[in-house]
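In what follows, a single structure is set out as structure tokens and then discussed.
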Amino acid sequence: MSKVMDAKVLAVYPVAPETYYMELAAPDIARLAVPGQFVHVRCSDAQEPLLRRPLSIHMVSRPQGVLALLFRVVGKGTALLAQRQPGDSVNLMGPLGRGFTLPLPGSKVAVAAGGIGAAPLVFLVQELANLKCQVTVYVGARDKKNLLCDGQFAQLDAEVVIATDDGSLGFKGTVPELMRRHLDWRRTAMCYVCGPRAMMQEVSAMLAEADVPGEVSLEEKMGCGVGACLSCAVQIQHHGEISTKRVCADGPVFPSWQVVWE
Amino acid sequence: MKPNLEVNIGGILMKNPVTTSSGTFGFGQEYSPYVDINKLGAIVVKGTTLEPRPGNATPRMVETPAGILNSIGLQNPGVDYLIDHYAQYFAGLKTRVIVNIAGNTVDDYARLAAKLDGVPGVAGLEVNISCPNVKKGGMAFGSDPAAAAEVTKAVKNATGLPVIVKLSPNVTDITVIARAVADAGADALSLINTLLGMAIDVRRRKPMLGNIMGGLSGPAVKPVAVRAVWQVYQTVKLPIIGMGGIVTAQDALEFILAGASAVAVGTANFINATATLEVLAGIEQYLIEEQITDINELVGAAHR
């Protein structure tokens, strides 16, 4: 069951240009959350910005009751959130949405992270490590400065392969290009993807071609976060029929082959 | 002493005056983890059409100062699905369930009303002649008094359920439409639907909504809504459900003092899932503080 609560900020600091790490005391959410879920965050007590902001759960520490968020400042809401100080409180609703489906223990899996899309994948890789999976993370960014979470993935014993658009670190090019060169599809049981829409679409096409199951975490402008307002619509194909699903309540994670990208 | 909170909205007896705005509360289940729905006077559920509708292109929602613009486009699973999948749930609730209906033609409205007549758990109909986000029907009916009256008559003839007509603020004189639907037999009115608006992304130099224009709601629209309730209360003798930017009990009380017998909480649900119950508690508190024994004494009190 999802909760609404005021959570105390334990830490907040920048980790990359316009990108912040925030730690919150939220034991109920930390206990209930699974990778891929999100929290709906009130960024201001005023009437502007009015709506909450959906932020994926970056990491949890269940014993300590701590929830971590990693977010990029893109507008007023996230800018206000970044200004919070330790000791302030933040109103949270969560955990919300459907998370990733975990593979069988010991599976060999690929994880594709693009930009801020790396945020929820750290929590996923935490769980994959607990399942003793063999994980390769393909992590990409515009440049070296904007690369996120590569160190955390490595600490979780994942193999980390880096791509940057400008070649300032690792492979020069995109995550899909890197995966095409590097990945042995026949030995991959599952692939998880979160990043820009074009990247997710490209990786999904590769997965379909290789007949490897995958899951993508989608993003869409959201209102309520609980499935009532129908703002965050996405077209999903199931058994040849296309229907409109809600990213907040039916997702944000969907099977890669079901998403209608156009 | 506990004040009387019961109100009668055109034959729908509500144990208190707080309900939800259509399209902001799903079918009720979405908010049941956060709100004891049975404590509300009624819930008004998502706009329902004869056939399922996929809704409009995304983005469907944009934030604006103290408000939001939406262009959902009446996405819904259709009336037959609603009856098959939700009626039983509605019947089990200890609150009134009002179904909001929308059509492309007068006949659509009549058929919807006939289908919902006698469905267990459905206490009344809210006739949406004011949706700004669909091409056919919607606001076209709500901005023409003759068409508004025609839809009202057709719905009244097709059902024994109380009929609440939801009016659009996107008209020159809302009292003209209110009088037309009152004369056509409406049992109550909902005021107001969203205001037609739009927003443009200055970097992309494109409209922000997939559907270009959308309906503005939230605190930004409250003064317009209170004004509409005030004017309509002076014009017709029908009970009014007031809505538009209600976030707190004080907002709700403004509507009641302007002439609303009940109030609906809409956009505020998105920000504060328990807004409905907080509004209800605040109204009750106010009555106690002001030593008013019956909420109905307060309705339209600002006119006196």
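Using N, Cα and C of the backbone, Cβ positions are placed for all residues, glycine too.
TrEMBL lists B:5-286 with the feature domain 'Dihydroorotate dehydrogenase catalytic'.
What TrEMBL records for B:Ser22, B:Lys46, B:Gly47, B:Asn100, B:Asn128, B:Lys166, B:Ile192, B:Gly218, B:Gly244, B:Gly245, B:Gly266, B:Thr267 is FMN binding site. Listed in sequence order, B:Ser22, B:Gly23, B:Leu74, B:Asn76, B:Asn100, B:Ile101, B:Ala102, B:Asn128, B:Cys131 are the same-chain residues six or more apart from B:Gly47 (FMN binding site) with CB atoms under 8 A from its CB.
Under the heading substrate binding site, TrEMBL lists B:Lys46, B:Asn70, B:Ser71, B:Ile72, B:Gly73, B:Leu74, B:Asn128, B:Asn193, B:Thr194.
For B:Cys131, the entry in TrEMBL reads active site, nucleophile. Reduced to three states, the DSSP call for B:Cys131 (active site, nucleophile) is coil. B:Cys131 (active site, nucleophile): 26 other CB atoms within 10 A of its CB, across all protein chains.
The two recorded residues, B:Ser71 (substrate binding site) and B:Gly266 (FMN binding site), show a Cα separation of 15 Å. Counting in whole angstrom, B:Gly266 (FMN binding site) lies 11 from B:Thr194 (substrate binding site) by their C-alpha atoms. If you take the Cα of B:Gly244 (FMN binding site) and the Cα of B:Thr194 (substrate binding site), they are about 8 angstrom apart, rounded to a whole number. Largest CA to CA distance in the substrate binding set (B:Lys46, B:Asn70, B:Ser71, B:Ile72, B:Gly73, B:Leu74, B:Asn128, B:Asn193, B:Thr194): 16 Å, whole number.
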